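Report on the following structure.
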Amino acid sequence: MAATASAGVPATVSEKQEFYQLLKNLINPSCMVRRQAEEIYENIPGLCKTTFLLDAVRNRRAGYEVRQMAAALLRRLLSSGFEEVYPNLPADVQRDVKIELILAVKLETHASMRKKLCDIFAVLARNLIDEDGTNHWPEGLKFLIDSIYSKNVVLWEVALHVFWHFPGIFGTQERHDLDIIKRLLDQCIQDQEHPAIRTLSARAAAAFVLANENNIALFKDFADLLPGILQAVNDSCYQDDDSVLESLVEIADTVPKYLGPYLEDTLQLSLKLCGDSRLSNLQRQLALEVIVTLSETATPMLKKHTNIIAQAVPHILAMMVDLQDDEDWVNADEMEEDDFDSNAVAAESALDRLACGLGGKVVLPMTKEHIMQMLQSPDWKYRHAGLMALSAIGEGCHQQMESILDETVNSVLLFLQDPHPRVRAAACTTLGQMATDFAPNFQKKFHETVIAALLRTMENQGNQRVQSHAASALIIFIEDCPKSLLVLYVDSMVKNLHSVLVIKLQELIRNGTKLALEQLVTTIASVADTIEEKFVPYYDIFMPSLKHIVELAVQKELKLLRGKTIECISHIGLAVGKEKFMQDASNVMQLLLKTQSDLNNMEDDDPQTSYMVSAWARMCKILGKDFQQYLPLVIEPLIKTASAKPDVALLDTQDVENMSDDDGWQFVNLGDQQSFGIKTSGLEAKATACQMLVYYAKELREGFVEYTEQVVKLMVPLLKFYFHDNVRVAAAESMPFLLECARIRGPEYLAQMWQFICDPLIKAIGTEPDTDVLSEIMNSFAKSIEVMGDGCLNDEHLEELGGILKAKLEGHFKNQELRQVKRQEENYDQQVEMSLQDEDECDVYILTKVSDILHSLFSTYKEKILPWFEQLLPLIVNLICSSRPWPDRQWGLCIFDDIIEHCSPTSFKYVEYFRWPMLLNMRDNNPEVRQAAAYGLGVMAQFGGDDYRSLCSEAVPLLVKVIKCANSKTKKNVIATENCISAIGKILKFKPNCVNVDEVLPHWLSWLPLHEDKEEAIQTLSFLCDLIESNHPVVIGPNNSNLPKIISIIAEGKINETINYEDPCAKRLANVVRQVQTSEDLWLECVSQLDDEQQEALQELLNFA
């Protein structure tokens, strides 16, 4: 359009008419007309847009549809485009916009348009409050306050709508104007003449409380609004409006404490609405959501009202029965997604969450009898719902259901023969869920009955949907089934799977049906993955059929089957190994290459993509360096997938409501009626592709060198990819492997890559919000330091790292204090304690990663790092105080162990910090702490120098006491005990003047061999070699009397896989055996005391060392 009006120059009539026509074109049914109009609109300057749109909104002669479009565009312009447009408007235009907007809101007579103007008003007000809370539109706030004090109901509605849309509109004045806010909300929520006012005031009150979620004092002041809010919830639901109920759900989720004074009323109302079949499904589900959400966010409060929860359970179960008699279900060839809008699915999810929230002690007694009655019903819907209820409560009622698991499983197994296919499918689903919830005990206890029953169900050719569910349950069962148990059934299982495969393959060829076949190939893959080399005898049975499926499945609707079959082939190849797989390797690689070529020309969301990415990685593992020739064909699409950028948007809540659930977007409410959205399709594929790049860098090393620059430039920015945790994990994991690859190209290239990686990696440690991802980042940083070595961090890096680690340690102590406070609160119970323990485990895990980073620094920098470390010293000393929890003491001692091992003799200057903690913790009840202390005493002897002599002398009796303890060799204690034995060996070897060697040596020899701690075991064997090679009389014994014992120690070392042929110690031990063999009598005496396994172990040692 020609419109070019500028500041101070009014638009001409023709320009306005052109713009109105443009607005009409934007709502034209013709796609082409709309697209042209959108292009013209986008090119109009922001000033012109603002003035034209505001004029159009106010012009009642323009027509409602045009005004509506103008309002939507102006709201969007002042929302997402505010920073680009409004600050660049001349001051007089900004003033005019604010004045015109107040007038427009005040004078508008059309109710719907007035709401849209209020939306625009709220958006502008939100953007005119700065970060300090200062309101730069005082006239707008004055208008709002005047509206509150007026007697005009329309102006009340305006004030409420703006306040609901932007509850922070008062800014810094809020504290002083709380009475005004409360007056507005109170007078409107009591208004019996105007239901719309009452509803809107309840929503505004909820929005205000949510906006002040951390202001506990405000909850008390505004608590007397709650009865009005609850009444508005009730009334609005029966007027077909669920908006206030949605607000109540938000309160339950974010500020449950606000509901405290009226919690029983809230629960009773929710129970009533949930059970009222006159209401819509959504309203009933929202009412149930209030109860379920409170079970998660206010568990202790809700446990005081278990009588209401007990009344809710029948309602939940009744909703689970709300199923349709769908005749097409039996013949469907697609496994449809759960309909989360249905009562049955929503109620099943609610029961699951309720059980997890309140625990089995509360929920199981409430549900058990109801479920048993449902399972006995003649109506299939009740039997189906009863089974799905059992499936839902398993995780939350885990501990309580263990004692009744036998009867429960036996009951569920009966329903695999139910006359109704939906019930049989539900029984399969329940068994699969139990296999997850009760693993691995479920597999160990029920393998015989469950495997046989699921295989029989798969053999039943009457219904492929049921077959598919049975196959899915078997896959889940196999995931946690020990290999030793699964191999017991492998013959019958293979026979069954192969016979079904043959039939399903024929059905695919004849009818194109694929559903059961998709699950079947995944089941075969799971079996191969679990039994590994035991699958070799069955390889030739399956591989031809699987390759045939890949060749056949070329149509679009068979892509998922093709992808799953490719995955299955790669799993089988990995299971049977390169030697067996090589007969088909070339053929399989050609199939993969053909699929890869097709994928390069297909949509980004092709279902084969993720399967292909994983399959290539397995082929790499199978073929090793032989895979290198295929890498150029694989890497480009992989990098393309890993580089994909997700669509993101910042939208008003109203825009979000207009978007379809099928658009693939997920939104997070940011408050103030704004939501952040991300299109999630493709994120999983991106994460998988990133993981595969890590894998190739790790496995191929020199074969990956030429791609390192491209990949590192991709991965480093992904450390801040907050849309998907696994992408950040992969980015972190890749760093040390990429550095290893870069080292092959030379030190200069390596240094350049480290310079690119180091700073973002350190910053990520400080900013990463997720504990699991943070641990991976910290682990990656520690490994990277070990790759780079001494001097890899400059002063700025060390300063930043020191600050971050200090903050992590201080946060660790602060979190422990907060947990102790929670343990003193009124609502503290076993459930709260479990939650606190989970938090503590997360904190301790991060502490272990702090220890890993310090270990890498001490091991590379040695004593040069100690001046930097001293800023952390008080915090590490605090960890080993006797009052600290045992994991703190364990990891604090480990850090000092590293200092002693890598920074001696300088480490002695810290001895007064750790001397007594090291000695006293030898008596600790926790074996992990004893192990850390014993290891420290051992490295003192080995690396500490003469200064540590007296401490080593003091340590010996303490170490001996632990070793001689009656339960020292139990599974729980053995690692700590073996570290004590190793420590005594180190004192004997490196500090012999601290102890009576001849007195201690016979005891030390009697404690050998070590079985569990391989690293310490090889050190003890090395010292034993020293003693034998020097013909130490105490070790050899009078008349060689100790040699049979020594030979048995060596044999056990081989059996326990302590002896590694690459270790020089292996050759020395073999030489000891050969030396004994030179005396036939002595050798026969030694051998006579060995069993067959020990003799075979010695022979193997002699053959290879």
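Positions of Cβ are set from backbone N, Cα and C atoms, glycine also.
Feature region 'Ran-GTP binding', per Swiss-Prot, maps to range 333-383 of the set 231-281, 333-383, 996-1046, 1047-1097. Long-range contacts of the repeat 'HEAT 1' (219-257) within its own chain (CB-CB distance under 8 A, at least 6 residues past either end) are made by residues 178, 182, 185-186, 189-190, 195, 198-199, 201-203, 205-210, 213, 265-266, 269-270, 272-273, 279-280, 282-283, 286-287, 289-290, 293-294, 297-298, 301. Nonlocal intrachain contacts for the repeat 'HEAT 4' (444-483), taken as residues 6+ away from its ends with a CB within less than 8 angstroms of a stretch CB, comprise 329-330, 332-333, 335, 405-406, 409-410, 413, 416, 421, 424-425, 428-429, 431-433, 435-436, 489, 492-493, 496-497, 499-500, 503-504, 507, 513, 515-516, 518-520, 522-523, 526-527, 530-532, 534.
Over the repeat 'HEAT 5' (866-905) the predicted model carries a mean pLDDT of 96. Within the chain carrying the repeat 'HEAT 6' (908-946), a Cβ under 8 angstroms from the stretch's Cβ atoms is held by residues 873, 877, 880-882, 886-887, 889-894, 896-897, 899-902, 952, 954-955, 958-959, 961-962, 972-973, 975-976, 979-980, 982-983, 985-987, 989-991, 994, all 6 or more beyond its ends. Cβ atoms under 8 Å from those of the coiled coil (806-842) belong to residues 299-301, 303, 358-359, 766, 771, 850, 871-872, 875-876, 878-879, 885, 888 of the same chain, restricted to positions at least 6 beyond its ends.
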